[in-house]
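Per TrEMBL, the features are as follows:
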DOMAIN    A:75-257  domain 'ABC transmembrane type-1'
TRANSMEM  A:15-33  transmembrane segment
TRANSMEM  A:73-99  transmembrane segment
TRANSMEM  A:111-133  transmembrane segment
TRANSMEM  A:139-160  transmembrane segment
TRANSMEM  A:212-232  transmembrane segment
TRANSMEM  A:238-256  transmembrane segment
Amino acid sequence: MTTVEKQLLAAPRNYRYLLTVSTILFILIAWSVTEISLEMNNNGMKIASNIAGGLLHPDLDFLFNLTQNGVLYLLWETLAIALLGTLVGAVLAVPLAFLAASNIVPKPAAWLTRLLLIFIRTIPALVYGLMFIRVTGPGPFAGVLTIGITSIGMLAKLYVDAIEELDVKVLESMTSIGCTTFEKIRFGIIPQLLSIFLSVMIYRFDMNMREASILGLVGAGGIGAPLIFAMKGYKWEQVGSILIGLVVLILIIEFISNKLRTKLVNG
Amino acid sequence: MYNKIFPPKKIALPNGKIVLEKRSKAPLILLIVMIAVYYSAQVTGFSFEVIIKRIHEFFTIILEMLKPNWKYFDDIIPELLVTLKMSFFGSVVGAIVALPAAVLASTNIIKIRVIDSIFKTVLSLLRTMPTLVTALIATYVFDLPATAGTIAIFLFTISYVGKLLYEAIENADMDSFEAMESIGMTRIQAFRYAIMPQVLPGYLSTSLFCFEGNVRYAAILGYVGAGGIGNLINETIGWRDYSSLGMIVIMLVITVYTIETISEHFRKKLI
């Protein structure tokens, strides 16, 4: 037996562990498959081909219409909702992030804030949407507030990571040369946090574009409402043009956001 | 370009040398952002006045939700299980299908450019489609609501896991792959023994992470009629039965938190 073979045999093998995990997995799969059947709707195939047809032959007048009912205006509205919402969320998340950072506040307070953040994060966006419609009435404004609240959870979580990794040595040396508290915050803390915060914000903006496009389903502005009306009315050409516009816009935003973030991270 | 319009500031050092300090771009970027925010506020009708005057409505609902209706528990459980089933099955199948899709999309394994770019485009197109929209389309095609939800989650999982996986494969160390090919293994065998061990932990951990997110997503799919707990959310809001809604949210938080904890345990083990 060569050394290589000996080493190969000596490698630890945890068959029992793997077996247990895969058994549990198989049981779960078998259990979950019960809910699914690939049975199609009577005219399911017809609708599927209609959708494909709509995507291939979009309603071009609707797509390039510049009035308030055209796709371009709706996309612009969706973009505005995502931008303002991200900003609202980013501002609200800062104090929460500081309150949840265990190197700033005592442990129990940090833990409580984290619990609050978990709650904020788990409530689905559509629920917030419906709640804010009570506040502002249906329209894009409700969408802005919804996007703001839903962004808080993730933004605060990523902010906290940045805050907990703050380099304290810089602050100590600034104290030692006699800097005031304001100077310490301005030149010691902000430069460390700003680029990470901005990068997180841009990433979230990218995600919010997708969120904002579905909020219309509950009447909170953006492109979702026309989409669902077009689908309910079986106007597949309009559905096609909305989807094409949406996908193109999201791809452009994603491209720009990736560029900006690499620039921010690499300095 | 920017440096030509705003020439760099000249600083004369004590030894007579002149250094150039480039002007900061921050004011310009800030100006652009402010203009964008102003127009967004115009378009969306943002006003602090409305918020201050009417925000109490929001807190009334929150207060109602804080008095959860415990009797609703029995109605929630079956729908919650459907949600879990949808997200679990969709994630598992999606993650499995993502593997060949990612291999076909990675430029270092499949050398045919056309195939790579076709698969990459398909993956990114799937990723940009909001899950709720896919679910909505699927409800028109399939009979059972839960199937529509599963299809939506399945497609999203393929795109998400597939993208991260092909990036991992493209960044993998190719030396051992080439070595194995040179001693006469087929490309598939070489992939199995050289690349798979490198990307496997990342692949499993991404799939678990995606599953976590999918549970949260599956909760709202019912809103468009794709099965699961979203149905109940839709109903309770329709009836303004906020205490039952509060119960749903509590159950959802517990479920999501449990799943996150379990998946985090396994993800830490993998890396």
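Every residue gets a Cβ built from N, Cα and C, even glycine.
Because the structure is a prediction, the values reported are computed rather than measured.
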Folded-back contacts onto the transmembrane segment (A:212-232), same chain, C-beta under 8 angstroms, at least six residues removed: 69, 71, 74-75, 77-79, 81-82, 85, 125-126, 129-130, 132-133, 138-144, 146-147, 238-239, 242-243, 245-246, 250
For the transmembrane segment (A:139-160): best-contacting stretch of A:15-33, A:73-99, A:111-133, A:238-256, by Cβ pairs under 8 Å: A:73-99
Sequence-remote partners of the transmembrane segment (A:111-133) [C-beta within less than 8 Å, at least six residues beyond its ends]: 96, 99-100, 105, 142-143, 145-147, 149-150, 152-154, 156-157, 211, 214-215, 217-220
